[in-house]
Amino acid sequence: MLASFQLFNMVFLTAKMFNQSLNSWMFFFNLMMMMLISAIWWRDVVREPTFESRHTKEVLKGLKIGMMLFITSEVFFFLSFFWAFFHSSLSPDIFIGQKWPCKGIKSFNPMSIPLMNTLILLSSGVTLTVSHHFMMLGQKKKSTQFLILTVVLGIYFSVLQYVEYLEASFSIADSVYGSCFFMATGFHGIHVLIGTVFLSICLIRNIKKHFSSYHHFGFEAAAWYWHFVDVVWLFLYICIYWFGK
Amino acid sequence: MALQRVLVSLARRSFSTASTTSPMSRLFANTDYTPNPLEHASGIEKKQLIAELAGNDDPFDVSVVKRGACTKDQPQVVLSCNHERLVGCICEEDSESVVWMWLRQNESKRCACGYWFKLQKKEPL
């Protein structure tokens with residue numbers, strides 16, 4: 001209940017921020033409350049299987065379906081940004097100069113940082129899979145090492161993306177190109193950050209021996225999420241960075 | 001130097017676990033020993049695994065049961081560890097809907113299609 005109140009407040013304050021001015025104290029308070037509620041909720045989610053052994057096969061089945069549905073909803077979330085991008089780019093309007101990128105926009109070189117980011121994310125997918133296989137083999141130490149590598153690659157991606165944003169010659173307010181670009185890559189960036197946190201929690205749980213070689217759904221869910229973020233990046237790279245340059 | 005020692009000590013403390021020889025403490029000890037799934041599980045999760053090893057694939061009695069005679073004298077026995085249970089009857093082989101009803105302890109119940117059901121108390125897993 002508190003979470004839903006908090007989420008409503010967040011939406012309300014964000015809309016207010018767009019239209020009037022940002023009440024930073026209220027926004028910060030709401031953000032902190034939401035993070036606190038999330039942390040307490042997810043603490044319980046960790047406690048349920050680890051210390052209360054609630055994860056029978058029936059419960060696991062529900063969790064798996066829940067995660068699949070969540071990722072499906074995320075697919076459609078990103079689909080809307082791609083739709084906006086293709087709508088504007090495939091037949092550019094006269095108001096944006098009948099060209100794509102829009103008149104006056106200097107887009108990024110896809111062979112520079114974006115290509116590096118593609119390699120980083122693909123590599124992190126590989127290290128994550130290796131970590132999972134070691135976990136299934138019961139080799140916790142190696143599994144932990146590869147999971148650390150995955151988290152580091154995730155952080156490296158975020159840092160490079162931050163650097164790229166700093167170097168950008170256009171902003172989210174610069175034509176429909178800027179809006180599509182920052183909306184899509186920005187939300188992807190947030191998903192990478194969330195995925196990195198998700199994997200870090202799995203890393204701590206792996207060190208604390210919460211996972212067995214057979215029962216480690218928290219890790220699997222994090223891996224699914226990470227691979228999803230990885231695939232979204234591939235589409236972003238091909239469509240927005242390469243095709244849309 | 002003092003600060004460094006404190007930081008090192010704090011970092012160690014958060015990862016150290018007591019090492020005795022009991023199975024539970026060995027499970028959480030900081031070695032590369034990984035328990036097998038059965039060893040790692042506890043509580044109801046473990047009971048389910050043990051039941052499956054013993055050949056019982058449905059320890060919580062949640063799967064669909066093919067009905068028997070279902071007459072008044074020989075009602076279909078439905079197991080439950082509570083005093084009542086929601087039961088669904090697929091009246092005809094090609095029924096498109098399930099008829100749901102509450103079965104209560106010590107009373108047989110007849111579905112509208114004529115099949116009889118009876119609740120039988122069982123101990124929880």
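The backbone N, Cα and C atoms fix where each Cβ goes, glycine too.
These come from TrEMBL:
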type	residues	note
BINDING	B:Cys89, B:Cys91, B:Cys111, B:Cys113	Zn(2+) binding site
Among B:Cys111, B:Cys113, which are binding-site residues, the residue with the most C-beta atoms within 10 angstroms of its C-beta: B:Cys111
Three-state secondary structure, which DSSP defines for B:Cys113 (Zn(2+) binding site): coil
Shell list (Zn(2+); ref centroid = CB of B:Cys89, B:Cys91, B:Cys111, B:Cys113; cutoff 8 A): B:Ile90, B:Val99, B:Ala112, B:Gly114, B:Tyr115
B:Cys91 (Zn(2+) binding site) in three-state DSSP notation: coil
